[in-house]
Amino acid sequence: MRNQQFAIRPTTLDQARVELQQIHFLDDTNLSFTTPSDLLRDFYDRSWPEYTTSSVVAQQLSNLMATPETDGLTYLTTHEQVPVDVFYNLALQRLGFAVDLDFQLTDPLAAMTKIQLPVADHEGTTFTLNELMNAWYVLLTTHNKTGQTFLDQLTTHGYFAPLIHDNSVPKPLIFNGKAQAVFDTTQLIHEVVYVESPQDTDHDGHRDLLKAEIIRPAETANGLKVPVLYTASPYNQGTNDEAGEALTHNVNVPLTAKQPAATTLADVTAESVTTPLPDARPVTATTHTAAETFAREQSYTLNDYFLARGFAVVYAAGIGTKDSDGLRTTGDPEETTSTIAIIEWLAGNRTAFTTRNATQAIPAWWSNHQVAMTGRSYLGTLATAAATTGVAGLKTVISEAAISNWYDYYRDGGLVVAPGGFPGEDADVLAEETFSRQLLAGDYHRIQEKWQHQLAAITQNQDRVTGNYNRFWDARNYLKNAKNIKADLLLVHGLNDWNVKPRNVNNLWRAVRDLPVTKKLILHQGQHIYINAFRSIDYTDIVNLWLTHELLGVDNHAETLLPNVIIQDNVTPETWQAYPDWDAPSNPVQHFNLQADELVAPSDHIPAAATSFNDQLPVDQFNHYTHHIDEWQADLLGDKHNAMFKHRLLFKSAVLTDDLVLDGRPTIDLQVAVNQPLGLLSFQLVDYGDAKRLGVSPTPLRIRLDEGYRWREDNLREFTVAATTPWKMITKGHRNLQNRTNAYQVDELKPNTFYDLSVTLQPTHYRLLAGHQLGLVIYATDFGMTVRGNQDLQYSIQLGQSALHVPFITD
């Protein structure tokens, strides 16, 4: 394994001593010790909280080897000094690394270097008392074999249990700039409130009430004010999976010609809708006691981790969900309004009630008015939407795999393009799936007619006929309001996420690059996933450092300690690199011209020529591919004379003599013609060369990774190397040939006439190894994403006028 820890805060010896005292590893007793071996023995005695007798603790120490010949108990009993190699022999074993398997007792420092574990500063071959204190401090921050810090490992064994009810222990308790698990998770308070939102989306003459589920530390009952992690999840109260499936659109339909129109941006700019708002409900009584509770929430494991560390957690599903008012809208300003209403209540700026009867108001009296939003996909999307309002109280957003513009989720370049894995899904399908008011028969009976009218409007306005950008999508483009962001941002995205494609995070990153907020970006090699339980990166520690700074006001240097950009390497397993930026404007660009079957240097002479392919497949082949998209993809990128040979164009570079690190948005300039007044092109950039590549889905390494003491659990995972493959798709893109100018203007397309076309592919960061070839595949129908009409469309490309441009960086 390889360990990368970005969140270890450099700490002076004086500060380390103070913090070790605060967590009870140092006290007046062991501070009086004069020999390093006695101090280390005492540290180890304290590190087995599950054993209460000294003889059993001694036995545990005797089970560790200090040298190839001597166990830990014997060594520390018979020696005064602690050699550096003895310290790390014992430490590696306590971290779960196996002698002879993971390291050799004759050279533990070699393993520390190989695994990339931190080694404490020391001047000689043995630790002084002060150096030993510092070394133990650093060890507590070091990751074990399962990706947890040693202190988190001790936490799961009950180290902090005696401190939970110790009034002398400060709460929150901070160690190495991070909050520690000194809160009683067996006594968490669960309560429900109904926040009154400034909207009436179901038009019943009353402001919408929104259900919020709150989990807060019991210590708040005694006056402690705590920060809040808020997850806005439209799935939280249940989903209508069968109804969504029934509404899913047929994608085996032909592409149709569009009427040319010189549509302008002003024509498609969404207009603010101002409708009279019902009066707020009168507040006649206020209480601090909730009237409703709940059992088990649909939790997010990262939130669970922080519940043990003194953060409150709030879940809300928003308008149009079970036990709330309103109608679903899929990402428009009304949904943003409902999202930030919860923040406004948590910040003390909005009213909530104890029940839906709205007779008693209840403030968030336990909140310190500092809120972070967390979540992946739709959840992270709403966090992004909330941030673009600049709402007071929202200090930071941790958004994973989030949409920044809904057009980029369901459309691309004037085409209906599905999120990967969900052909036929659209905004109306998602609205129906999340309209969980439908799960309550009585409530649905009262609202059904309004909902069906709303759903029909979404279906019409999303416009699957043209695929153009319009006012519907403009209202769902959060990038327009990125300038309003005041919250600091931690953005996380998968470079192989073809559900919420990388363009979403890239566009947001570029939009906030010059804003006066702290922003960080983590890009991993996965699909549409969470990364908070990965072994090779200290993501949970990063988030802890970040939230402790953002919500607790601790000056732990998170804003400068964490790199601007962290990117997982696609070649070497368990490797993450720090970068100053992603897709920087200053990146150099490598240019390739298109020649018959080749990508060549611009200096090469290219004779004028055209090459063609036909998109129409034999019926049996077409039908087979619609049910076996993986086989279509393999044939598309595979050997030259396979089943897709006449239905796509493939260009390969010469074999690379050096690694090429792609970084940013590849672009393609073409001259293209089609034999009908309609057409589309799709593109894939490909790494050709036999290699064992990382899988895009993580491998479970261990079940039940504890997040506290006798608390909830998560599954440890990691990207592992898969079997050898001959190619790997790097990135892709699509364009309607009638949207050559932009996504809203419809251009004329005359049959058999060549037109200039420039296409920007999805952004990437990818290391292409020496000995491999860069490939470009040009095709039309994308069986996983576009409509599939199987039409007789013949496409021609002018080779002498076509080129690929690839931004790159040098290591």
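Cβ coordinates are placed from backbone N, Cα and C, and glycine is handled just like the others.
Swiss-Prot has this to say about the protein:
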ACT_SITE  S377  active site, charge relay system
ACT_SITE  D497  active site, charge relay system
ACT_SITE  H528  active site, charge relay system
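Taking the Cα atom of each, H528 (active site, charge relay system) and D497 (active site, charge relay system) are about 5 angstrom apart. Taking a C-beta cut-off of under 8 Å and a sequence gap of six or more, D497 (active site, charge relay system) has these contacts in its own chain: A401, G420, G526, Q527, H528.
DSSP assigns H528 (active site, charge relay system) to coil, not to a helix or a strand. Within 10 Å of the C-beta of S377 (active site, charge relay system) we count 22 further C-beta atoms, all protein chains included.
For the recorded site, S377 (active site, charge relay system), the DSSP three-state label reads coil.
Classification of D497 (active site, charge relay system) by DSSP places it in coil, neither helical nor stranded. All protein chains shown were included, and the count of other CB atoms within 10 Å of the CB of H528 (active site, charge relay system) stands at 21.
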